Each structure stands twice: as C-alpha cells, then as structure tokens.
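Student: Pasting a structure below so you can have a look.
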Ligand SMILES: Nc1ncnc2c1ncn2[C@@H]1O[C@H](COP(=O)(O)OP(=O)(O)OP(=O)(O)O)[C@@H](O)[C@H]1O
C-alpha cells in the first residue's frame, strides 16, 4: 500500500469512495459536537468553580450535554454500520473478481488452491479491520484536528501553536512505524500461506504417508512451520505494541505541554478559567483521532496484505484476455511454441509446431511428461506460450474472446472435474437446457451403462476414474449436440476403459461429426484417428 488509502480498493469498489465521503461528513459532525461539548463543560465547570453555584441555565447546559453525547453515539453507530456494509460490498466484489480470475486461468500453478482458500476466506475477512476501524478513523483524523484546532486558535492562540507544531509529529512517526509494520505483516502473511499449503498437501497425501509409515515424521515439518508462524505473528504484535506506546507517549507529552503552559498562564491571569478549561478539554480530542489511526493501521494490516495478494492475482489474470470474435475457420496452428511452468527449469513445450485441420480427428501421442496435456491447456486458452504463437484461423488465440472460444470447445480433461450431485447433474454441465432423454442418450453413447441418478460426491467421489471419464465424455457430447461446440478436446479419454467400452467411446467421438484432438496412448484410438502426431521425446 503506497499511502494511507490503497487506490486499488477505491478503484475496484465504488462503495469505498462513497464510504470515504460519508466518513468525512461524520468526522466533521463529530468535530462540531466535540467543540460544543467542550464549550458546555467549560462554561458549567468554570461557573460552579468561580461562583460556587449552579448556572441559572444549568438545565439547558445539562440537556445540551446529553444531546451532544447522544449525537456522538449516533454518529459512531452510523459510521460503524456504513463501514461494515462497505467492507461486505468490497469483500464480495474482490471474491467475485478472484474467482473470475481463477476461472479464466484454471491451470495457474503459481497460486495453489490452499493459497486461494486463505486469500478468499480469512485473508479478505481481515479487511473488516481496514473498513470498520482504520478508514473511519482516517476520516476523523482528516477532519477533527482541523476544526478542533481552529476552535482552540480562536480561544487561545498560544495553545493552538503548540498543537500545530506537535500534532504533525504523530503522522511522521506513524509513517516510519508503518514501513516496519508492512514488512512484518507481509512476512507473516507469506508464512501463514506457506503453512496452509503445507497442511493442505499433508492432508491430501495422508493415506500415502501412512502407507509408507512416514506420517509421524511430518510432525516435525508442521511444528517448524508453526514455529515460524508464531515468530512472524509475535514480530507483528511486537511492532504493533511498541508503535502504540510510542504514539501514546508522543500525544500525551504534547497534551501535557499544552496543559502546563495553559496552567501557568491561568495562574498569572493571562487566560480566563473558562477559556483554559475549553482548551484543556479540547486539546486531547485533536490528538486522539490521529493517534488512533496508527493503532488501527495494525488492525487492518492483515487485510491489506490479503487485498494486495488478491489484486496481484486478479491483475495477473486480466492482462491476458482478448476480445476478438472467433473466426469461422477453425484451423489451429502451434508455431514454434515454448512454455516453461513457473518455478521449473526445463520447458514443458519446446519449439512445438502442430497444425489441427478443421473437422479432422487428430491423435497426439508421446512419452509421459512430454507436454501433451500442456499443449491441450494452451489450446483451451488456460496457458499462454512463452515464445511462439498459437493461432485459430490465422488469428492469435490470445486475442480471441476467451468465453466465446470455449463455447466452441467440448473438453474432457485427464482428470475431469465433477460436482457434488448426480451423474445427470454432471452431464448437464455440458448443456444445462438438455432433457433427461438427451442426457441418457449421451451417457449411452459414451459407453456409460450406469444410471444418471447415481450419486456423485465432491471431486467425483463414488465414481471410478473410468466412470468419470465416460461421464465427462457424455457431457462433451451434450455440448456438441446442443451447445454448438465445434471441436472435441480429449485428454486420454479411454485410459482405464476395457476394450469394448473404449470402442463405444471412440465410436461416439467419430459419430459426433466435429473435429477432435485426442491425447492418447491407446492403439485403438490412434487407429480410429485421421492422423497421429507425436509430441515430446520419441515414444
Ligand atoms: N502445473 C505444473 N507445474 C509445473 N510443472 C508442470 C505442471 N504441469 C505439468 N508440469 C510438467 O510439465 C511437463 C509436461 O507435463 P504434461 O502434463 O503436459 O505431460 P503429458 O505429456 O500430458 O504427460 P502424461 O502423458 O503423463 O499425462 C512434465 O514434465 C510435468 O512435470
């Protein structure tokens, strides 16, 4: 975050801008109430002290004070209510943007699922502190000191000068402390993210670790991660407490200087009791909001770190989407395409040249790890080449409207995604408007001889991997028959299938009437293709 307010939060969420205006208005009204409160208190107390009696209009004074307290309570409630609404709106916008970005780059390996979950849940929830504490205080800090300072200036200019010289020291200290805090918080966020990833990997790999009797050995790794997280958190708390102490001390000393000088001038008769009391009651109120900004900066630092990660993720995904319409000619060409996954040394694709003619059934074979799935991911628009070019009908694939391009494709992934529900629900993802008769026909054609009402759990639980592939093939067939897709993209669709089921699946692909790109190791599929090409090192 470059300044006190992250401009990206302002830009992304209209609610933030409106909320800032609201918090400045609340700040101005609060300042007016504070001045009235100090005036009433000073008048009442000085009268009692000097005259040894209640003022004639004591009921009006008391009523006024009660009204001021009620007004301040109302403003504080209003500020909190708007703050929480604003936080909810911004968090919801950011969450939607993150999920949209994720959907446009499902193969983005730079951000793991565990990082995504941390970012979307607890990370962004920490923005509550930013909106409900930090921003309201910033609104007060930008308004109250000026009005309160002005009121002090009109009453006692010497005190006003002391306030004017000491008050700016607080933001200067705050900025210095802020830099340290940001580094400490960013580190704590990174460590928490690493711990979440490590834990997610452990849970996923627990059966394997148990099978190899290595589960207990992992305790050391988790303990180490916890220790690092504890250290990072303690460092943030340490900076936070220390900075609160420094700011508190600075503000208290400044108010003390005002109090001492006013006290002396009161003794020497240079200032009246009512004016002195007015200044004494009001001076701390000038420092309070500025001091509180520093304190609440720490409450919001976690949320700001999460928002920062969210913005990087969202902007990274946006930079690569195109807008051109998909050409009618579906000749696809890979020209000298190279791609290396982030964090790896050797390229997954190295100078790949490949042409897919419209309407042809093309089989791609090659060694395991030779880059076949990567090439399909590139064709789907999930990845962009580092160098070289992927074109459709002579037009750069990256320039095409992603959503429109995917409407032309029916995809069966190597490990097809399944949603919780029934087999029919999963097939209907291919074309939600299809009838149950169409779903049954697609399942039959894909060689799936099981019931559409069969239950499917999270991640395809309840279906074997072969069954999942057939459900995915039925889904793709539905997309071609009713969704207008013109190219089947299949990653080992018949792996794990017996030969008769495989024959049914191959027949379904050929009978679909559209072109197909099939990554396969199976000779029956290669025999049915119009052409077979090889990718990666020799098979
Ligand atoms: N998300 C990823 N992050 C890093 N490296 C990856 C990732 N996905 C694949 N790779 C690497 O890229 C290379 C190509 O992988 P790819 O999955 O494209 O191969 P493949 O030809 O489809 O293999 P297989 O036939 O075994 O499915 C492999 O060396 C693999 O380890």
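Using the three backbone atoms N, Cα and C, a Cβ is placed for every residue, glycine included.
Marked as domain 'ABC transmembrane type-1' by TrEMBL: 21-302. If you look up TrEMBL, you'll see 332-539 marked as domain 'ABC transporter'. The transmembrane segment annotation in TrEMBL covers 20-45, 57-75, 134-154, 160-179, 236-260.
Help me understand the surroundings of these features in the structure.
Tutor: Mean per-residue pLDDT, taken over the domain 'ABC transporter' (332-539), amounts to 87.
Counting residues 6+ beyond its ends, the transmembrane segment (20-45) has Cβ neighbours under 8 Å at 5, 10, 55, 58, 61-62, 64-65, 68-69, 71-72, 75, 78-79, 82-83, 135-136, 138-144, 146-148, 151, 274-275, 277-278, 281-282, 285, 289 in the same chain.
Outside the transmembrane segment (57-75), and at least 6 residues removed from its termini, the chain residues within Cβ reach (under 8 Å) are 26, 29-30, 33-34, 36-37, 40-41, 43-44.
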